[in-house]
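Over in TrEMBL, the protein carries these features:
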type	residues	note
DOMAIN	39-74	domain 'EF-hand'
DOMAIN	135-170	domain 'EF-hand'
TRANSMEM	211-230	transmembrane segment
TRANSMEM	236-261	transmembrane segment
TRANSMEM	288-309	transmembrane segment
TRANSMEM	329-354	transmembrane segment
TRANSMEM	375-393	transmembrane segment
TRANSMEM	405-425	transmembrane segment
DOMAIN	411-543	domain 'FAD-binding FR-type'
TRANSMEM	550-573	transmembrane segment
Amino acid sequence: MSLDEDARWLEWVTKQFESIAGEDKEIDLEEFKTALKVKESFFAERFFALFDSDGSKTISLDELLEALDLLIHGSETDKLRFLFQVYDVDGMCLAYETSSIVSPLGRSGSIDPDELRTVLKSCLRESAISLPEEKLDDLTLALFESADKDNSGSITFEELKAELENFPEVMENLTISAANWLKPPGLEQKKGRHTPRYLTPAYWHNNSRKLLFLCAYTCLNLLLFITAMLKNAEGGFWYMVAKGCGQCLNFNCTFVMVLMLRRCLTWLRATWVVRVLPLDQNILLHQMVGYAIVTFSTVHTTAHFMNFVHLSQNSSYSLWEHLFTTRPGIGWVQGSASLTGMVLQIMICLMVVCSSTFVRRSGHFEVFYWSHLSYVWVWALLVVHCANFWKWFVVPGVIFLLEKLVGVAVSHMGGLYIVEVNLLPSKVTHLVIKRPQFFHFKPGDYVYINIPDIAKYEWHPFTISSAPEQPDTLWLHIRSMGQWTNRLYEYFRQPDSQVVSTKRLSASLKDRRHQRRAQLSENHRFCNVKCFVDGPYGTPTRQIFASEHAVLIGAGIGITPFASILQSIMYHYRMRKQNCPNCSYSWCENIKDSEMKLRKVDFIWINRDQKSFEWFVSLLTKLEMDQADEEPEGRFLEMHMYMTSALSKNDMKAIGLQMALDLLAKKEKRDSITGLRTRTQPGRPEWGKVFQKVAEEKKGKVHVFYCGAPALAKLIKAQCEHFGFNFYKENF
């Protein structure tokens with residue numbers, strides 16, 4: 001934090017104090033928790049005891065600001081002493097040069113194993129990490145043995161300081177400001193203004209295909225509008241505007257369909273066209289064209305209304321007859337242009353509203369799904385409404401119809417059955433589908449699935465999470481976020497005549513390991529449920545095998561396309577791997593692979609909580625084991641795990657825990673949170689540092705592939721533009 005940020009934070013603390021303190025201008029422990037929003041009682045009590053310099057069981061504003069000012073502006077040693085005093089639960093008073101923070105809780109002046117265990121247990125609760133008691137003992141022992149240099153059975157201040165020096169990133173954060181230790185999570189920092197990314201040269205360079213396409217699209221609409229206006233100049237201004245918008249609507253109402261020809265787009269991804277046209281942004285372009293349609297239709301309707309006002313003044317028909325009857329004979333089918341225009345305007349507006357983000361992502365996907373199916377009626381009304389629309393529609397419409405017929409034929413070809421189900425944490429349903437012989441796909445592709453037992457007529461898109469090299473089954477991982485996905489989860493949660501549970505273990509199990517097996521048994525079911533699958537359809541991730549250095553970023557359930565891709569990548573990698581026949585030593589040779597140019601893969605998985613890592617931990621463990629002991633250009637696959645609910649290493653409430661986790665991971669060569677060799681990092685990635693490291697490796701052209709929340713996509717894309725990396729986002 002800068003000096004200005006420190007001053008703002010101290011000002012916030014003062015206001016909080018004054019709003020909570022009584023007439024005596026002092027606060028007790030409970031009020032202290034409320035003021036600084038410290039939830040964990042252990043740390044709240046330790047902070048309170050240290051700030052209560054006179055031992056009065058209350059804190060005055062002067063005491064609080066004096067202590068905080070010392071932590072902000074004090075030396076590195078001052079901050080380390082404060083950290084030591086927090087950990088020394090029964091510790092004695094430690095004097096500061098400029099002030100004293102008194103603790104009445106004891107007089108040992110050192111940290112013993114029980115104190116350290118108490119602190120680490122509180123750290124685990126703060127970071128929302130759940131570990132067995134045995135693992136907590138291992139963490140305590142690892143940190144204590146490392147810090148207790150003289151084997152005296154306790155850790156002194158000098159020993160703690162020496163141990164912290166082995167963790168440079170912790171020391172670096174301590175020297176910045178201790179105010180971050182107590183800063184409430186809801187207090188936002190003000191950021192300086194920067195040049196908007198849309199105006200930077202990097203943005204224009206990295207989005208050249210999309211921008212050129214949008215420029216051509218805009219020019220074409222402008223050309224159509226002007227041409228139509230000039231052809232109808234005799235009708236007056238409003239008539240000219242209506243005709244200009246009508247011609248643009250002819251084009252856009254057809255083009256919006258072209259952008260959703262999924263099979264054609266999947267085929268085009270394998271050709272040179274993908275290097276010229278922004279095929280990966282087809283969903284974004286579809287949305288933009290949709291907004292253009294509602295804009296043109298609104299102006300078109302308004303212009304006709306104004307024209308009807310003019311006509312009604314010079315004809316025998318009134319305004320309402322022009323709008324709501326066929327008497328004026330406007331239109332090529334029984335004078336129905338006005339009536340069909342009114343209906344079209346209403347339907348188009350409803351489709352746009354129901355397809356908005358707040359509808360689709362608020363648990364009402366079905367509203368979007370069913371309202372969007374009205375496109376059939378829109379096209380039918382457009383043919384009746386406009387005499388020339390069929391000329392624009394006929395060719396794309398035939399292709400669209402053929403795609404639909406092929407999809408129906410493929411989805412009903414052969415009997416597909418869900419043969420196995422795993423109910424995973426965070427209400428994720430893992431479906432295992434018997435894969436038909438004719439079904440071929442690429443890593444990262446997606447399909448539409450229909451399960452009649454859940455909803456007879458609904459089709460929903462999901463990414464395939466199994467690899468193409470896996471011949472017998474097809475995997476889908478589906479997170480419950482809407483009505484259909486919730487019904488799916490509940491359907492397989494409750495056994496019925498079609499869902500057969502695996503044999504449950506006895507309830508009288510003796511240890512946690514058996515209890516864990518029992519839980520897995522309850523969540524793992526074999527079944528025989530009929531389903532239909534339409535696809536596969538291609539995504540931007542098809543570019544991965546043409547990359548030299550691929551960075552795969554999955555947020556939460558966004559790992560699903562990368563699960564398939566990583567398995568396929570490691571299948572090709574195993575072809576390069578060599579094993580010594582006399583020992584278990586392995587190495588990797590540079591064998592040319594026409595299908596894969598990859599030299600390096602970085603996989604980044606960001607999860608909110610610990611349980612989410614269980615979705616694919618067995619797969620990731622296998623991928624780690626597949627790696628060779630020695631490789632010519634360094635490690636081929638590097639994994640990076642982040643847990644956002646865990647407090648970062650610059651938070652005092654997590655420093656000891658993160659040190660212990662690091663030490664135990666080095667000792668056991670396994671992460672305590674996931675069981676992987678890769679250490680799980682707390683907090684969120686610092687994308688600037690992550691991409692800087694990627695750039696310094698110089699493994700070739702970097703392609704970043706992302707699947708997850710749109711908000712994070714914008715942040716990552718901005719960083720990619722800064723470093724000159726190609727960015728691809730999963731869309732369907």
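Counting begins at 1 with the first residue displayed.
Glycine is no exception: its Cβ is also placed from the backbone N, Cα and C atoms.
Contact between the transmembrane segment (375-393) and the transmembrane segment (329-354) holds: at least three of their C-beta pairs are under 8 Å, each pair 6 or more apart in sequence. Residues 290-291, 293-294, 297-298, 300-301, 304, 308, 322-323, 367-368, 371-372, 374-375, 377-378, 381-382, 384-387 of the same chain lie 6+ residues outside the transmembrane segment (329-354) yet bring a C-beta within less than 8 angstroms of a C-beta in it. Under DSSP, residues within the domain 'EF-hand' (39-74) fall into helix, strand and coil as 24 helix, 2 strand, 10 coil. Distant neighbours of the domain 'EF-hand' (135-170): 77, 80-81, 83-84, 87, 94, 108-113, 116-117, 120-121, 124, 649-650, 655-664, 667-668, 672; these residues of the same chain sit at least 6 beyond its ends, with a Cβ under 8 Å from one of its Cβ atoms. Taken residue by residue, the domain 'EF-hand' (135-170) breaks down under DSSP into 24 helix, 1 strand, 11 coil.
Of the ranges 211-230, 236-261, 405-425, the one with the most Cβ pairs under 8 Å to the transmembrane segment (288-309) is 236-261. If you take every residue in the domain 'EF-hand' (39-74) and average the pLDDT, you get 76.
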